Structures are given as structure tokens and as C-alpha cells.
Amino acid sequence: MPEGPEIRRAADNLEAAIKGKPLTDVWFAFAQLKPYESQLTGQLVTRIETRGKALLTHFSNGLTLYSHNQLYGVWRVIDTGEIPQTTRILRVRLQTADKIILLYSASDIEMLTAEQLMTHPFLQRVGPDVLDARLTPEEVKARLLSPRFRNRQFSGLLLDQSFLAGLGNYLRVEILWQVGLTGQHKAKDLNEAQLNALSHALLDIPRLSYTTRGQADENKHHGALFRFKVFHRDGEACERCGGIIEKTTLSSRPFYWCAHCQK
């Protein structure tokens, strides 16, 4: 499943296709969204924001399209006039003079006003996005030490979108390897140096993955252009200490680590 870097890269591709261009045609599959087709025609997409695995498509008239891909949703970009070859079910089509963006198979789609955006249940639950350039290590450290999160094992915490949005399994194992910790640790048990290292890694590793394009390789391994240190490398030698990378299951997800240098 794609994580924050892949979601942000997808948003970048959508923005590159239609941002700042008048919408010449708008179509929604769901009846409750049909009234917005005429309201959005002629408007501009001003930006596309990511909040974890949700996309917020902001329009020049103040409305925002909320969409969450869940397991099966996918966005596509095509040239205007092109007929896509797919068996997926179309949910959203936003068209400009030269490009069209299409959302297939997703079911969690809403149109929100500015006021509704501030009170949306998912957006209220989700934590700050690790790819938000405004988020600092100091703020991450404060969240780690907050009463809500300080007693949580990292094995589960680093998958919890209410802690930090955009984290997922490959980021979890790479972050913990980077700071030399296992998934059983809790923030309340770390010393100052460990807390500082983890606070930085929680931002640095996702941002590194994003800047290395956060894409999938030909085998659809998400994040494959980001060079993994331990993820999917069980049985290989750890590049830091030479120990053998192991694999187990933590919080119902595959977990990779070096038992020799992660303590």
C-alpha cells in the first residue's frame, strides 16, 4: 500500500496536469456531488494537499474535494480527448483544455466548504503530515512526549495516522533502523539524544523517500527508488554493523530489523 511519499508524488502529478487551468468539464458519479458539476466548471484547481492518504483538491471558489483512496482508489492523468483503457469504475473527472484527471474505484469522496473542512471527522483525527514542510522536529518531539503517545510502543505508534499522517510500514522499519531502536520501545523510555534522533528521522526519512521520487518500480514495490536499509532485506548483512537482517511480525505487519545494532 502506498505511503505518504507516494501519495504526495501522485498529488504532484495531478497538480502538474491541471493546477491553475480553467476546468472545462466536471463530472461526478455520485448523486450528492452532481450539483457541484456546474459550480466548478470554469473554476481553477488552486492546489492539491495531502493529509496522510487523503487528497484535498482546492478550487478557486472556496470548495474542496475530499477523497480517500482506501484500498482500491487510484488517480490517473490523461490528455483531453484520450479514451482510457480500463475496467475500473470512474468516480470523478476534472477536465481542462489539455488534460484530464480521473479518480477510479474510490468511494470516500465529499465536497467540503471551508467550514466543513475544519470539522471533517477524518481530518480531525489525522495527525500532522510528515511531508508538510512547516512541521518541525521540535513539534514531532512534543507529540512523542505527549500523554496521548508517550506510552505507546513504536511498533504500533509509527503506523497510527493520528500520531503522524503519511507513515506506513516501510517508513516505520527504516526510521527505527536509522535510530537503532526496536519496535518495543516507547518514547517515555528514551534519553534526550534518542528522542532528538527519532524526532528528526520521523521527518527526514519520509522526506528523503519523497525527494527520491517516492515511486514504485516495475514490480509495483512502493518506494522502490528509495534505497532501503532493512525493508525486504531479511537474510542480508546490515550495512551498519554486518549483522543479519531479520524479519518478524509486529502490529500485524512485516517488520525488518537488525538484532545486532537495534536495541
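Backbone N, Cα and C define each Cβ position, glycine as well.
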- Note on the structure: Ranges in play 54-88, 89-123, 159-193, 229-263, with Swiss-Prot marking zinc finger at 229-263
- Task: Work out how many Å separate Asn169 (DNA binding site) and Arg253 (active site, proton donor) at their Cα atoms, rounded off.
- Result: 7
- Going by C-alpha positions, which of the recorded positions (Lys53, Gln70, Arg125, Arg253) is nearest Glu3 (active site, proton donor)? Lys53
- By a simple count of other Cβ atoms within 10 Å, which of Lys53, Arg253, the active-site residues in the record, is least packed? Arg253
- Rounded to a whole number, how many Å is the Cα of Lys53 (active site, proton donor) away from the Cα of Pro2 (active site, schiff-base intermediate with DNA)? 8
- Task: Can you tell which of Pro2, Arg125 has the least company, meaning the fewest other C-beta atoms within 10 angstroms of its C-beta, among these recorded positions?
- Result: Arg125
- Query: DSSP on Arg253 (active site, proton donor), three-state: which is it?
  - Reply: strand
